[in-house]
């Protein structure tokens, strides 16, 4: 992938950009083999790649500069701003949005936040696009509610320029820290969730719910999990750290009893909406801590699927799963190092198959899916 920002030395986020995609996949595969060394693997499935560029469905832009000439991108550690509107990871459909937002900021009087002076209102712009219908969600991350009236008054102009904006919010983040969002979300549109669809499964994206940033590879990840579960005798399944329900909604059948657990209420609201659309009445999603939920249960499902954050599921949940002893565990991870640590805390399980998904091209990161079968 060619990137003018990288060539000019202005951005180094894609640290592997000088390597070919095949070289990157080989290096990531070797890393996964290294991390799982000593753990018997029955089947290594071929790695899954995706597009080299224009694949991201989300932009997280620091806003700097002035109200008349705002700049969208990032700040180096010394405070130097870098315009990332031309980042080749973004789809071309983002270009008109960035172009319209620059004059809009002046219209709304949204002064960019100055980190050094601790002054200004607009901190970030968060843009998400649905690959299903091209609809977009735009979030203005503000220091306070001071400019809300002006923002609301100027919105008709922006929506006339960009009818693809379905969901618009103001997120209030008052803390002088590099935190992307605050707890308060104020909806500026009637629609509150963005419709997405992977493999004919309806999904919903809300402002504070996690959603994969590479939809092409994510859809293949979910489809693979569905295929694996479909080959197993599963009538009762848990989907822990379920997010908006992507895995559970793909794997569920009308006869299956499935419980999805996620600590974020916004994500659970999305999962419930999708389950209702699919008519799956035996799916139950709850906003709870996954470890606390699991350790409080007296029943053992046939399969437990876990999709934890980078820190992994941790030893307490590993110990409980080992004691509870479901027949199968599917582990989806964005950090193979913590996944390998967790699997080593499950001594009575063998890795039946494992597959790498190149969710994050041009970086050292990748997603991995592993199917574990109880050996005794």
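Note that Cβ sites are derived from N, Cα and C of the backbone, with glycine treated the same way.
Note that this is a predicted model, so its numbers are computed, not measured.
According to Swiss-Prot, the feature active site, nucleophile maps to 334. Secondary structure at residue 334 (active site, nucleophile), as computed by DSSP, is coil.
If you look up Swiss-Prot, you'll see 3, 11, 14, 87 marked as [4Fe-4S] cluster binding site, on the strength of sequence analysis. There are 23 other CB atoms within 10 A of the CB of residue 87 ([4Fe-4S] cluster binding site), with all protein chains counted.
Long-range C-beta contacts of residue 212 (S-adenosyl-L-methionine binding site), restricted to its own chain and to partners at least six residues apart, with a cutoff below 8 Å, comprise 218, 221, 246, 359. Under the three-state DSSP scheme, residue 212 (S-adenosyl-L-methionine binding site) falls in the coil class. Under the heading S-adenosyl-L-methionine binding site, Swiss-Prot lists 212, 241, 262, 307.
Packing around residue 262 (S-adenosyl-L-methionine binding site) is summarised by its Cβ count: 28 other Cβ atoms lie within 10 angstroms of its Cβ, all protein chains included. Each residue in 5, 6, 13, 17, 84, 88, 89, 362 lies on the same chain as 3, 11, 14, 87 and has a C-beta within 8 Å of the C-beta centroid of that [4Fe-4S] cluster site, without being one of the site residues. Residue 87 ([4Fe-4S] cluster binding site) sits 32 Å from residue 262 (S-adenosyl-L-methionine binding site), counting Cα to Cα. For residue 14 ([4Fe-4S] cluster binding site), the nearest neighbour among the recorded positions 241, 262, 307, 334, judged by Cα separation, is 334.
One way to see the shell of the S-adenosyl-L-methionine site is to take the Cβ centroid of 212, 241, 262, 307; the remaining same-chain residues with a Cβ within 8 Å of it are 210, 242, 243, 244, 246, 247, 267, 308, 332.
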